[in-house]
Amino acid sequence: MDVDLPPPGPLTSGGLRVTALGGINEIGRNMTVFEHLGRLLIIDCGVLFPGHDEPGVDLILPDMRHVEDRLDDIEALVLTHGHEDHIGAIPFLLKLRPDIPVVGSKFTLALVAEKCREYRITPVFVEVREGQSTRHGVFECEYFAVNHSTPDALAIAVYTGAGTILHTGDIKFDQLPPDGRPTDLPGMSRLGDTGVDLLLCDSTNAEIPGVGPSESEVGPTLHRLIRGADGRVIVACFASNVDRVQQIIDAAVALGRRVSFVGRSMVRNMRVARQLGFLRVADSDLIDIAAAETMAPDQVVLITTGTQGEPMSALSRMSRGEHRSITLTAGDLIVLSSSLIPGNEEAVFGVIDALSKIGARVVTNAQARVHVSGHAYAGELLFLYNGVRPRNVMPVHGTWRMLRANAKLAASTGVPQESILLAENGVSVDLVAGKASISGAVPVGKMFVDGLIAGDVGDITLGERLILSSGFVAVTVVVRRGTGQPLAAPHLHSRGFSEDPKALEPAVRKVEAELESLVAANVTDPIRIAQGVRRTVGKWVGETYRRQPMIVPTVIEV
């Protein structure tokens, strides 16, 4: 957290506090906590994928310290849609408290169920759809249809005694959506008639003028490209973009080709989409990868993952000649039906070069309309602001330039400048008597998942440069296997944090007390012990030094 704000004080009686633990000044890790009358409601719980300067990291989670001490206060986790940056961290939250009600649409919950199955977690689901309302303690939620690049997306109105909040989630105003489900702007405008006290609004494309193209415009382009291909066609797209996959299938079948899904997430998501009726394709039009390799090249279309150059994705392995089932040849047509996420340029261009070296023809959005964004452009957001007429605005889901562009749009529609809150992750915004203001900040950092340690959640060393710039505290504890009983004094070591060798002595006593409380609570899982140690040291450092160095806990069982 770059801001230097004190912790927020006690919430004014009857007020509402909004704290984003992720999703601001970044695209990913979306998680927002609402507090009212001592109870909590969470909207979304997603991951961020690591950049090139974060080696050895598979996933980056929201920092959940803010809720770890208040798990029993959580009324529900409510989901806007099923993209990884909104649902990917759910298993890690449910590890802390498995019975948190998880509220979402049919398709979103189906994806969450698949994800949680990998972690042997069975969530408590509450399925909703647009037009419905649910009550969760002191919070009432109403759901609005939203058009986005994955099915069944929702915007969420949260009604509290402090006022009405509208969270758009990821939103677009496609007037010709392939699934026939446009964003419910009339419903949100009716909400504006009764008064929206705070709008949390998607900022992703706020700096792009005008209105974004419709998803329906991609289909004809894909049809033209497949029709003109003499050999095999491989289309890469996001595994959650069911409307895109449907258009690829429709074009392939119309041109006499059969379709095969490639990549674990693509196969899984399309299976779920078919089961729930979101994807329509006959069994006779689908083939497995092995059968696809035996067919004439001009009789097949492969739909695969790997649009962002992920090293282990299906397309990347094809480009390196390492895919166990598919061997690319000169004359294959590769269509990258996606946007280029900032930070992935080097990886994507590397895959394109490798494909070109093989002799394949590569088509991206730069050559033909093979992709459109799932986020509203500036002109669409103006429709939203003029319809909802919010009293206060908190731009979310975007980098600083996107957030500021969104703030400018809000101001242009008459929202007072002092009512537009440009917050950061960890910054608390209080809504009291219809007025929103920043009240302080809670410590937040990045929580890393290292795939080499299955299910491990914690801060890990990313490299000497990052350690020296941020500082870190390494904590080693030795406990008896099966009981969690400490067998030696905790050892703490810091670097880039404090030069005083005695600076961490109070933290040692804090860790000893935490270990004793964990033993008393019969906590024996080393992951839970590590989480408790990290939380304790992080809280002590934050309170004592107002710093957030990396906390690296190691639990040794003997």
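Every residue, even glycine, has its Cβ placed from backbone N, Cα and C.
Residues or ranges marked as Zn(2+) 1 binding site in Swiss-Prot (evidence: sequence analysis): His81, His83, His148, Asp170. Taking the Cβ of His148 (Zn(2+) 1 binding site) as reference, residues of its chain lying under 8 Å away and at least six apart in sequence are, in sequence order, His81, Gly169, Asp170, Ile171, Lys172, Gly374, His375.
Residue environment of Asp170 (Zn(2+) 1 binding site) contains 24 other Cβ atoms, counted within 10 Å of its Cβ in all protein chains. According to DSSP, Asp170 (Zn(2+) 1 binding site) sits in a coil region rather than a helix or strand. Feature annotation from Swiss-Prot assigns Zn(2+) 2 binding site to Asp85, His86, Asp170, His397.
In sequence order, Val218, Cys237, Arg244, Leu336, Ser337, Ser338, Ser339, Asn365 make up the list of same-chain residues 6 or more apart from His371 (substrate binding site) whose Cβ falls under 8 Å from its Cβ. Per Swiss-Prot, substrate binding site is recorded for His371, Val372, Ser373, Gly374, His375, and the stated evidence type is sequence analysis.
According to Swiss-Prot, the region 'Not absolutely required for RNase activity' annotation covers 1-269.
Marked as region 'Required for beta-lactamase activity' by Swiss-Prot: 451-558.
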- Cα of His86 (Zn(2+) 2 binding site) to Cα of Ser373 (substrate binding site): how many Å, rounded? 17
- Message: In whole Å, how far does the CA atom of Ser373 (substrate binding site) lie from that of Asp85 (Zn(2+) 2 binding site)?
- Response: 16
- Three-state secondary structure of His375 (substrate binding site) from DSSP? coil
- Message: Please give me the CB contact count at 10 A for Gly374 (substrate binding site), counting all chains in the structure.
- Response: 28
- Residues sitting within 8 A of the centre of the His81, His83, His148, Asp170 CB atoms (Zn(2+) 1 site), not counting those, run Thr80, Gly82, His86, Val146, Ser149, Thr150, Ala153, Gly169, Gly374
- If you skip the near sequence neighbours and keep only those at least six away, which residues in the chain come within under 8 angstroms of Asp85 (Zn(2+) 2 binding site), Cβ to Cβ? Gly23, Ile27, Gly28, Arg29, Asn30, Gly46, Val47, Leu48
- Query: Taking all residues of the region 'Required for beta-lactamase activity' (451-558) together, what is their mean pLDDT?
  - Reply: 77
